[in-house]
Every structure is written in structure tokens, then in C-alpha cells.
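Feature list (source: TrEMBL):
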type     : residues : note
DOMAIN   : 25-334   : domain 'G-protein coupled receptors family 1 profile'
TRANSMEM : 7-24     : transmembrane segment
TRANSMEM : 44-65    : transmembrane segment
TRANSMEM : 131-148  : transmembrane segment
TRANSMEM : 199-219  : transmembrane segment
TRANSMEM : 269-290  : transmembrane segment
Amino acid sequence: MAQATELHLLFGIFGFIVSLFGMLGNSLALPAFSFHGRLSGTEVYLLGMVITDIIFLILTMLLRLGPYISSEYGTQVKYYSRFSVHLIPWLGPFEDMARVASTWLVLGLLFDRFIYIRYGMAGKESYSRKRVSLILSFLMLCLGAYQLPRIFEFTLICNHEVSDKHGPMTGMLVIRSWMGSQSTYLNLIYSHLRIPINYTMPIIFSCVFFFLICVRLPTRKDVAKSEKSPSTFLAAGDPQMIPLTADAVQVDTEVQWRRKLIYMRERRFTELSLFLGAVLIFQLVFYLLYDCLRLESSLPPWKPNALLSDQFKVWELVARVIDFLFPALRPIAYAFTCHEYMRELRDIFCCRKSEASQFYSVDYKEARSYEELVQLPPLNQEERAANSLQEEK
């Protein structure tokens, strides 16, 4: 471990504070995206992204940021050799898996938005929550198979050369196991699989979907074309939801208003996906450029960071900051685009209980999905109550 500097201390404190903020923000997003049992495909991706970000931030704090909290080199070495070093061989692959899974979840969100823009509500019906759940299960299975060999890549040995301000002490050292030292394994995992799965394919797919979404952003005209007639909305819900005394003008007004709410909801999700996609492209391009510079300097990705020059140590520090900075700041994007997230924050700060029966009725304009929209009662509740009273008389 390198000598402690003010830059590393600042890195540790800043990273710890930002990671705590990200864990808190993503934890608040869990009930906002999963409080009810009828998640849309978009919300399934967002919920998976929140869970993977929480796991990644927790592991980053334990493995990467902990040793840098102290300004004394001896304390850093003691923390690393007695605590972090025991977790790296087992939890390191899961940290990388959470980061890669979050990357592919952003790609899934962009694909979901492209399906909506291209095919409208008909596309959302074919690309349902069950299919999204199956896609995510298959993705996690593939990433688990990809990261499983890395659990056996490192091993621990006793290190008697560690010392702090009180003198020599016994610690542990991480070294590569027999399997992790084989050139065939290193080339397969770090070159033939890591670069395409972590960088190349996500960059290509995210750029393609980002361009296609920007070319044809959903407009009110597109949303109107996605449904052939107002009767399509009414047929999906309970006919009793519409007052029996409502005339054709009232029914058409109701349907047009529901169509507008659907457009507002989907538009916000599209803006969120574009923002996350742009951030992802920047992040992946930086990682890919950093790896290319290392390869040009005859430093493969599996070489330890202690062999890096001072120039590359700065790149490595920036890469670590980007690692935890973007997942930690995603709740800010949720706050600007997902009103359920802000409503959950208001309920917590006001000490109000967010019950499922009240979660949607707080604001009709923020109905969570197309299925909820078509099944909610009309906007004019007073007129509906008056009509029901007349029917009883």
C-alpha cells in the first residue's frame, strides 16, 4: 500500500460521505419503486438498479474506502491487513458483479424506452413485467457464471513484514492462487471476456439506443397514435368506473386526460433513461481509455496497482472516484424524474405512513402505470358520488 497522502485521505473521507449519501438515497428508492405489487417493466429495471447500487456501495466502503479514512500510514496498513484483506478474495467478485449488473440494467432501461417509443402501449404489453423479470434472471445467471471463477483467483498468506508506528505486526497478504496465475485464465477473464462484457458491448448498445431514442422522442401525437380509439382505454378497465350518466363528451374528456397522464409518465421515464445512458457512456469510455493506456504501457489489467507510475496512479484514483460517484448520485436523478420518490421522502419527513391504499390516491396525476390509469375512477369524484346517490334513490 502506498504512503498516505492528503489526497488519499481526502479520497477516503469524500468517498465515505458520498457512499453513505448514495446508500441512504437508494434505500429510500426501494419502497418508492416496490411498494405496490404491480411493477411495470421500467420499474423492475429501476428496482434492480437500486439494489445493485446499494450492494456495490456497501462493498466499496468495506473493501476500497476503509483503509483511507485515517491519515496515518500505519493505521491504514493495520486496517487493510487485518480486515479488508480477508474480504477481498470473497467479496471482490461480487463488487465487480454489482457494478457490471448496474451497467446492463441501464441498457435494459434504454431498451425498454426504445420499445415504448417504437411500438407504443402495444409494445409495453408484449414486453411485460414477467418477461423483464425473466431477462433479469438470465442476466444475473450469466454474470454469476462470469464472476464465479474469480472467487478462486486469490488466496491469503501470512505477512510478517507489515509494521505500524508500534512496530512489526502480523497481517495477511492477498496473492494469486495457482489458477489465478495461469496465463490462459488471465487472458480469458481479463481480455477476452472482461473488455467485451464490461466495456465494448455496453458502449455500442448504449450509443445505439441513446441515438434511436433521441431521434424520436415521444410526443403527444405519437401517444395518440399508439391507441386507435378512446374505447381501447375504457375496454381495459371496469366499465363501472365510468358514470353511467356520462355523455360522449365527458367520456372523451376523461380518456383524453388519461392519455395525457400516460404521456407525462412515460416522458419522465424516457428523460431519466437518457440521463442515465449519457452518464454510462461517459463512464465506460473513461474506463476503456484507461485500460488501453495501461495496455500500451505493458501493464495488463491483472497487474497490481502498486506497479503503476505516478501518472497512472492519478488515473486509477479518478477511476475509483467515478466507480462510487455515479451510483451514489443516481437518487438525485430519481428525485427530478420520479415523483413517487419525492412522495416517499415527504412521507418519511412528515412521519406519515405510506399505505398501499393511499399510495396512488395522493395524486391522481402520478398513477404508476398504464394498467393503474385505466382502472382508476374518473377525475370528477363529486359527480360520480352524486350520480351514485341518485341511482340509490
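Each residue, glycine too, has its Cβ placed from N, Cα and C.
In the predicted model, the domain 'G-protein coupled receptors family 1 profile' (25-334) has a mean pLDDT of 77. The stretch from 44-65, 131-148, 199-219 that makes the most Cβ contacts under 8 Å with the transmembrane segment (7-24) is 44-65. Looking at 44-65, 199-219, 269-290, the range that has the most CB pairs within less than 8 A of the transmembrane segment (131-148) turns out to be 44-65.
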